[in-house]
């Protein structure tokens, strides 16, 4: 400020820099109370958007000039040619209430936006870096989707005729405005690869990949790990990888897992968006015990940067339930490898034949393997548990002889890659955006075609759930996913082959917020009813929109349409035994859709997949996925700082006079005195609800989730002192037919809501009391985010 002392004018850039420093100090001050002060949290977020907005280009022309070398040619040209109109559209949006909501999601939302999602001119985001603003990011995405519509006439025609209202959408700006409004209002959130890379040159937009490589020899194993896996990790996406056929000349599977682990760690070095691999193995493999031990804390060479999953045949569960001392036999893939292709009765028959002829490598009591499985779960939070019978019985085509025994990184996408590489293409609907003031818009009608709202809450008569908005969101998600499939780059030839099946996965976020805003608890009967209706409508609308791409747009059905169950008119929910009288949507509408689908086909092979959404839920400030609230106050810890993560829906309803007591108990409603506990009962967390009830709720929505759901166990520390408790949950999930019986096991310590850790269990799953069977874990306590997994951001691709 020497110039000022000499009476000289201060340069504008110096004044702005000093103002930014002052604002950052104010932000740091507000962050201290952001956990309990809703306005402080919102103000900190607004100010952070303001500060970072100064580092963004001033208008669209300046944006294209700054980032033009990164933009795909068509997107570059569209933004440049329509710059003035786009500026006007963005300005109108900024002057409306939706922009205020966008920048008022809190400090964590703003930090996440600029740390992870927006473009910058310097990868590290240095002092001189120029950033996209939030609206410029959404404009880039909208421009990409618009360009794909004009590149693919079927997409353009469908969007124009279905979304055009009384008149068709004709100009590029019409399409841009349609996509921009949905994205910027956060009605639909795309997966992280799309948010970061849509519209860029040579952009990888797939969320996750699934591999089933041949690992029967040393050469083939090395080829799978270095030739096939490496390009997928370098594309910054997560991978699900089947290891069931690993034999590799007698080598130990842990050495293979360490190879994979090292690749993941290398790719994550200096990487803004960490990636990982979920390795899957079936329970009959001769090295299953070594596989389960690969991540245990007592293993000096544990593979802490990857994840594991097991696929369990129904036969194992039945043997265990009949007699835990029954012998379970393990096989070499060279002898029993064909078991991998079988499920149900065919698996049972072949397993029995191999045992009868003494072709097994070894055997052990079923309870010993169950204990090894549960011990790994309690110590590490995984492996994921898939039901082999369920994922194959309910798959979109018959898999007997080539059965599926693996999933993607977050266990919600189930596909058969054959000798190629399957791809996940994801988006999620922000369900609270479907709430509206009662009486607005259409009246009640048939759920499939004009249902106005679901009126469930006399306690909060000002809000109702609008199925019109939900259907519009699902249609938009279908268009965006298909634009990403058609316009993205495939990292390997195998990915390109499987993209022809055009598998889509539409999920949700904010389900718990919807129930709370309607004045209901997560487990209330009315909430359960709305839960099932939401996913029925989503499945119906996704199939219908995909069918319209064929009937309206003239696109061909996906590559494997003739082999699909839908080609025979079989909806996913019918394989669950669901009858018309239990459905929300009228029978006539389902039958009309069946007729159209059978006659014309669908553009996509799959439709609904419920992913975790941990990343995009931070952008919106909503609860994750379909889960109950995880905590009412927690924090997000990164290598830079700790940012408070309050439950915004909770804070909006907290009386100021109740804050001291709520703060004393860390927002834990279950610890409040009875009157206050009753007042805030709608904000109980996932740890407060019965895990059995959560499993039943997951089973109730399963008929409408044609892929799977990242269903997790939320357990209190006292529960896992008895391994039999976890065992019973697994058996219940199997009995109710869940495809993903368990994605992750989160354990809440009794001492503190925000200090969670994995525990060590040393008692048998068949001992009931667990007395003396538990010892404290030797890992340090973790924040809520770190309780979920060792690498909390590893599933950004799915979010």
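The backbone N, Cα and C atoms fix where each Cβ goes, glycine too.
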Original post:
For the substrate site that Swiss-Prot assigns to 207, 208, 238, 408, 409, 410, 411, 412, 612, 613, 614, 615, 616, which of 192, 380, 598, 649 is also named?
Top reply: 192
Subject >> Annotated region 'Disordered' segment (source Swiss-Prot; candidates 730-764, 765-799) >> reply: 765-799
Subject >> For residue 408 (active site, proton acceptor), the number of other Cβ atoms found within 10 Å of its own Cβ >> reply: 34
**OP:** Calculate the distance in Å between the alpha carbons (Cα) of residue 744 (site 'Important for electron transfer') and residue 408 (active site, proton acceptor), and round it to a whole number.
**Re:** 14
**OP:** Quick one: of 743, 744, which of the recorded sites has the smallest count of other CB atoms within 10 A?
**Re:** 744
**OP:** Give the distance between the Cα atoms of residue 412 (active site, proton acceptor) and residue 743 (site 'Important for electron transfer'), rounded to the nearest whole Å.
**Re:** 8
